[in-house]
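Trainee: This is the structure I have questions about; it appears just below.
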Amino acid sequence: MDILQLAPTHLLAILLSSTSALFLITYLLRAGHRPSDLPNGPPTVPLFGNELQVPKSDAHFQFSRWAKEYGGFFTLKRYNNTTIVISDQKLIKTLLDKKSNIYSHRPASLVSHLITQSDHLLVMQYGERWRMLRKTIHQYFMEPRCERDHWKVQEAEAKQMLHDYLTMPEDHMLHPKRYSNSITNSLVFGIRTKTVHDEYMKKLFYLMDKWSLVQELGATPPVDSFALLRYVPQWMLGNWRNRAVEVGDLMQSLYQTVLDQVKERRQRGIQRDSFMDRVLDTLKQTPLSENELRFLGGVLMEGGSDTSSSLILTIIQAMTKYPEVQAKAHAQIDSIIGHNRSPAWSDWSKLPYINMIIKESHRWRPVSPLGVPHAVAEDDHIDGKLIPQGSSIVLNVWGMHHDSDRWQEPEHFQPERFADFPALASGYAGSERRDHLGYGAGRRICPGIHLAERNLIIGIAKLLWAFEFLEPLGSDSDISAHSGASKGFLHCPKDYGCVIRLRSPEKRETIMREFAEAQEVFARFD
């Protein structure tokens with residue numbers, strides 16, 4: 001048949017079909033391809049790019065191997081999406097700090113939206129709304145406020161933590177969780193976590209375990225890179241949507257329950273100087289939706305509870321494996337503090353070795369080995385290589401913290417590495433000479449950094465003043481970074497055995513007395 005004899009509608013159909021086929025073929029040929037103007041990286045395959053090479057768990061180990069081969073920044077192609085992995089700490093200053101106006105965004109994420117409806121500060125897109133919520137948090141947790149007020153709650157909760165270790169050593173994996181969670185909930189909601197059996201605490205850490213697994217890089221099918229996967233039956237792809245919705249439901253339920261408790265207390269005429277009370281007092285000036293209120297409190301509950309407790313558990317485990325470090329800490333504490341009182345926040349500058357131990361724990365076992373991905377808002381260039389607009393920017397925190405060119409024998413726990421870093425972590429954030437990346441970088445740096453540093457210093461100083469931590473006879477706890485920690489985008493040591501030995505009878509009396517004195521602070525939250 002002569003094509004000229006076809007009806008115009010048939011000709012149009014053929015033309016559209018041919019154009020669509022050509023477009024699809026071109027897309028498939030280009031998808032997964034790494035253009036030459038992008039940073040180098042591992043070889044790609046058509047369509048998939050590097051998707052099949054990215055591990056579904058613990059990707060930071062593979063990223064660190066690739067960094068040795070391809071340099072401090074390299075490109076991964078995931079279908080048509082571009083991911084830039086940074087393993088050179090100098091680039092953190094160059095990009096995320098100096099160009100924070102374009103490197104503070106987040107990659108689009110359907111999973112994050114399903115969980116939070118995009119109202120969670122951690123995954124919220126950078127913009128006016130994000131800046132407003134961030135400012136709200138900063139005003140309550142800025143350093144002067146921590147120095148003036150919050151340390152009293154922190155010291156009281158640390159005194160209970162000593163009492164808990166002394167009287168319930170069998171729950172040693174839970175005491176740091178109660179400590180950090182109670183500080184956070186007291187300051188954010190005016191609600192204490194009185195025991196390790198608290199229902200809010202149990203639900204939060206269960207939720208965090210679930211969310212950590214869902215949010216880990218590589219754990220979810222690339223539904224943002226290859227949208228057609230959204231229409232594949234999810235049972236063929238690990239039930240990714242159901243997993244996300246489950247986490248979202250857990251968040252909504254817990255955060256709404258706590259928020260409702262604050263509102264009910266206020267309706268009874270009981271006001272407290274908590275973060276959420278202040279937010280509710282200013283709703284007319286700063287209107288927030290119910291979902292924004294839920295997640296504003298929730299993000300603080302998460303960040304304030306999980307990171308500090310994970311690091312305290314890491315440090316205690318390190319003490320059992322590195323007794324010479326523990327002995328040195330004991331000696332310094334004993335030279336400053338006697339038996340009649342435990343260390344206080346006011347002692348921190350006299351206990352530099354405690355500060356070194358905390359910095360080394362951030363380096364040795366970072367809680368978030370790959371951080372939370374950033375996204376670049378416009379085209380940028382590094383050393384003549386293009387960083388395309390919309391690229392995901394992954395900070396290989398693990399690789400930078402375990403770079404043998406900077407850290408000799410990086411797998412060893414050696415606090416002396418930080419002898420020349422006497423200030424708190426906030427003093428080095430954004431500087432050329434950074435101690436670690438445990439709190440993130442750029443404008444997305446943890447807004448609770450000042451509170452978290454004090455949680456750790458007060459808690460660890462008191463614990464090492466009071467106790468010696470030992471491995472049980474005949475046991476060998478697993479401190480391997482590959483097998484000794486939980487999976488997900490947040491890492492915490494797996495349960496380990498520990499013998500907790502009181503360092504002197506006099507300290508028992510001090511612990512009991514200080515716990516009784518702490519009740520005066522706790523009474524504010526009854």
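A Cβ is built for glycine as well, from the same backbone N, Cα and C atoms used for every other residue.
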Trainee: Quick one: which of Asn81, Asn340 has N-linked glycosylation site in Swiss-Prot?
Mentor: Asn81
Trainee: Give the three-state DSSP assignment (helix, strand or coil) for Cys446 (heme binding site).
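Mentor: Looking at the DSSP assignment, Cys446 (heme binding site) belongs to neither helix nor strand, so coil.
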Trainee: At a 10 Å cut-off from the C-beta of Cys446 (heme binding site), count the other C-beta atoms across all protein chains.
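Mentor: 21, counting other Cβ atoms within 10 Å of Cys446 (heme binding site).
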Trainee: Fill in the CA-CA distance, Asn81 (N-linked glycosylation site) to Cys446 (heme binding site), as an integer in Å.
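Mentor: One finds 27 Å between the Cα atoms of these residues.
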Trainee: Taking 10 A as the limit, how many CB atoms besides its own sit near the CB of Asn81 (N-linked glycosylation site)?
Mentor: 21
Trainee: According to DSSP, collapsed to three classes, what secondary structure does Asn81 (N-linked glycosylation site) have?
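Mentor: The residue in question, Asn81 (N-linked glycosylation site), is strand (DSSP, three-state).
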